[in-house]
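These features come from TrEMBL:
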BINDING   58-62, 129-135, ASP156, ALA255, GLY309, HIS354, ASP421  (6S)-NADPHX binding site
BINDING   ASN59, ASP125, SER159  K(+) binding site
BINDING   LYS391, GLY392, SER393, THR394, THR395, GLY420  AMP binding site
DOMAIN    10-213  domain 'YjeF N-terminal'
DOMAIN    220-477  domain 'YjeF C-terminal'
Amino acid sequence: MRSAFGVAEVRAAERAAMARGPEGALMRRAAAALAAECARLLGRVYGSRVTLLVGSGDNGGDALYAGARLARRGAGVTAVLLAPDRAHPGGLAALRAAGGRVVDGVDERDGRAEDAVAGARLVVDGIVGIGGRGGLRERAAHLVAAARTATVVAVDLPSGVDADTGEVRGEAVRADVTVTFGAYKPGLLVDPGRAYAGAVRLVDIGLDLPPERRALEALQYADVARLLPVPAGESDKYRRGVVGVVAGSARYPGAAVLCVAGALHGGAGAVRYAGPAADAVIARFPEALVSAGPPSKAGRVQAWAVGPGLGDDEDRLLDVLDADVPVLIDADGLRLADERRVRARRAPTLLTPHAGEAAALLGVDRARVESARLAAVRELAARYDATVLLKGSTTLVADAEGPVRVNPTGTAWLATAGSGDVLSGLAGSLLAAGLAARDAGSVAAYLHGLAARHAADGAPVAAQDVAEAVPAAWRDVRG
Ligand SMILES: NC(=O)C1=CN([C@@H]2O[C@H](COP(=O)(O)OP(=O)(O)OC[C@H]3O[C@@H](n4cnc5c(N)ncnc54)[C@H](O)[C@@H]3O)[C@@H](O)[C@H]2O)[C@H](O)CC1
Ligand SMILES: [K+]
């Protein structure tokens, strides 16, 4: 399990580490690791031109000490000071002692700062780190834009990205690599911040961060392998759980087929379809148990997935919401579901909105959800007293209990019509197989992302290909 910690936690751990001393050890460790990563990226350090963008805090200090190390190895290092009178004094002295150059970044008259950035092979973003507020300021943004062909390495996090939420208000540095110290910050794992961070390298500088204080967590292979349902010895299909699917309509039979496709690969012993697209489903999946009547008369299930392509069939949705089993609500089901009815359910509920559906449920515009995904998923989970899987460039899973889960396998290919139907079937099946709602959502998103990579393999992917690639994703995880 990969964890991320908020700024307050990191600061507390830094204070404790600094109290243990010796003075400046943390910054030296950070700078040594930062310099090593820069050297790796440069390949040849001697004679390479490196430019440091230096802010007014310790983030700039890291950049200066790392620059001094590179200068001692023969790199031509220039520090462009964005706050000349407040740059880290120790770092400045170290850079000067190593033969580095210092340029006033605020003075726009002679263009020396722009030239230093434009002529660099590698630019180190030491403008702000976890002390940053808001986006890049105008002068900084102008200088960052001059780094046209250089490799950009962000110190601790890309300046302009909110460390706790990944929000970018205005402009931010687009880094090729971010070298982050002590712990991942949520803003490095959640979009839009994740997209600005590039490849993230975590450096251990000896911070003690208690796992129970983590803000975010991401499943790794081993976690998913542990959570995947395995057929018991004498497994009969009912022991592995039956998942019910209520999806599709005369107008949208395809959503039912895709949702059942996902459900068939989710580990439940059988899939029961109850809806108006029974003919389309049975034609595609002879193993599905189909009925056209109300879900409550369709036979026992251990979980329902309801909503894709449902249209305005409120009766079927209400019938499912009354069931005393875990229910996944997606797509039209989210549009039709009443907040009070969902809150009143005793059995677990898993909502799987994309950003647009989340925005409608929250009564805000979509851009607000896209820019503040963590806040949106937490707000929805609290409002509906449910587990919420917020689909998108970074899929998040939140509930009232633990830290928010971020899915590490997401890929842009998933923005394909119908792939959400596959995901809800997959997650519903994992619910029926006995996984808790937050695990069913996280494992489904993880497998779904892996399956999309398999199916896409660099080409555009159709939702059915994703469903058919889920077994390959299971095999990846099972090893
Ligand atoms: N503390 C330690 O032992 C270690 C710290 N590390 C590095 O230090 C930064 C955090 O340093 P801090 O001085 O607290 O804050 P920052 O350098 O991130 O910036 C604060 C500084 O920047 C100004 N500021 C705020 N917002 C902006 C903005 N949008 N544009 C420009 N300037 C801004 C603010 O006024 C302050 O003056 C941490 O990220 C690490 O990089 C070491 O790595 C580990 C040890
Ligand atoms: K930075």
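Every residue gets a Cβ built from N, Cα and C, even glycine.
Given the structure is predicted, the values throughout are model-derived calculations rather than measurements.
Near SER159 (K(+) binding site), with the C-alpha within 10 Å of its C-alpha, lie none of the binding-site residues LYS391, SER393, THR394, THR395. Contact annotation for binding-site residues (ASP58, ASP125, SER159) versus ligand 2: ASP125, SER159, each with CB under 6 Å from a ligand atom. The AMP site is defined by LYS391, GLY392, SER393, THR394, THR395, GLY420, and by the 8 Å test on Cβ atoms against their centroid, the other residues of the chain that qualify are HIS354, ALA355, LEU390, LEU396, ASN407, GLY410, LEU414, ALA445. Classification of ILE130 ((6S)-NADPHX binding site) by DSSP places it in coil, neither helical nor stranded. Selection of the binding-site residues ASP125, LYS391, SER393, THR394 by a Cβ distance under 6 Å from ligand 1 yields an empty set. Cβ neighbour count for SER393 (AMP binding site) (all protein chains, 10 Å cutoff from its Cβ): 17. According to DSSP, THR395 (AMP binding site) sits in a coil region rather than a helix or strand.
Cα-Cα distance from THR395 (AMP binding site) to HIS354 ((6S)-NADPHX binding site): 9 Å (rounded to the nearest whole number). Counting only the Cα atoms, the space from ASP58 ((6S)-NADPHX binding site) to ASP125 (K(+) binding site) is about 12 angstrom. The residues near the K(+) site, meaning same-chain residues not in ASN59, ASP125, SER159 whose C-beta sits within 8 angstroms of the mean position of the site's C-beta atoms, are LEU53, GLY55, GLY60, ALA63, GLY126, ILE127, VAL128, GLY129, GLY132, ALA154, VAL155, ASP156, LEU157, PRO158, VAL173, in sequence order. The Cα atom of ASN59 (K(+) binding site) lies nearest to that of ASP156, taking the binding-site residues ARG133, ASP156, HIS354, THR394, GLY420 as the candidates.
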